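J.: Mind looking over this structure? Questions follow.
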Amino acid sequence: MGTPQFPDLGKHCSVEDCKQIDFLPFTCDRCHLVYCLEHRSYIKHHCPKADKKDVTVVICPLCAKGVRLVPDEDPNITWEMHVNIECDPSNYDKVTKKKKCPVPGCREVLTFSNTIKCRDCTLDHCLKHRFGPDHKCPGPKKSDPGFPFMGLLSRSRKESKTNQAPATSSSKWATSFLNAASTVRASAEAGMTKLGSEISQKLQIARDGVGLSSSSGSGSSNGNAGQVEECPQCGAKFASVTTLVDHVEKVHERNNQSRVFKMSIDVCPKCSKGFRDPVALVEHVERDHGGTSKA
C-alpha cells in the first residue's frame, strides 16, 4: 500500500466485500472507520451508530413545547423529566391561540408583517383597521390638569399599594420626589401671595393719597373756586390731583429711572474722541496732542 516515497498514502475500504484502496478515503464521523467513495454514506456501509446524532423532537400536548429525545435513553424517562420540571400548561394558550385584530367582527390573524400599533390607544390592529376611525380609537389619554408632578406621584402610590412588598429604593424615591414637589409648590404659592399683598398695599396707599388731596382741594375750593394743581418739577398745570399724579408717574419717574443708566462722556476738543474717565482724556491730550487742549 502506498509508494516508497509515501508509504502511508491511501487506505482500504472497511467494507468486507469491497476492501478497495482509495487514495482519498472518507472517515465516518459516527463509527470512525475508513470507507471508499462508494460506501461513504451511512446507508451504504450500514453504520451501526448512524442514529446517535439524530435530533427527534416531540411536541408536548400540555404546554405545546418541543421535547428533544436523547439518544440511547428511554423516551419515557425523557418525557417524565419534562413533565416534572419544564412543563407549563399556561403556555399552551400562548402558543396555540393566535393573536387576532381586536375590532369586533374582524378575524384577521396578527402576524409580524400585518400588525400596526396605534399611537393613541397603543393596541395592535391589522392593516385594514390601522387608522383611528376604523377601529373607533378613543384618542390619546388626557393629561392631568393639576400640578405636573401629581400624576406621577399618584401612579407611584397606586403601584406601592398593589405590591405587597415594594422595594425600599422605590419607596424612598417616591417619598423624596413628593417632598420636592410639595416644596416647589409651597414656595410658588407663597411668592404669589406675597406679591399680591404688596400690590394691594401699594394700590391702597395711592388711593388714600389721592382721596386726601382731592378732599382738601374740594374743601378749599369754596374759597378759591378756580384753583389749578401745578407740577413741582416741570411747572405743568392740571385741573385735578389725579391727573397730576399720573403725570408724575409717567413722565418724571421714568426720566429718573433712565437717568440712573446715563453716563457722562468727555470729548476731546481736538480729535472729538470720547472718554468716560476724565483722567484718560488728560492722558490722551498730553500723549497725542502735545499737552495742550487748545484747538
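The backbone N, Cα and C atoms fix where each Cβ goes, and this holds for glycine too.
Where the annotation comes from TrEMBL, it is an automatic prediction and has not been curated.
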J.: State the residue range annotated as region 'Disordered' by TrEMBL; the candidates are 82-103, 126-147, 148-169.
T.: 148-169
J.: Could you tell me what the rest of the chain brings near the domain 'C2H2-type' (266-294), counting residues at least six beyond its ends with Cβ under 8 Å?
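T.: Residues: none.
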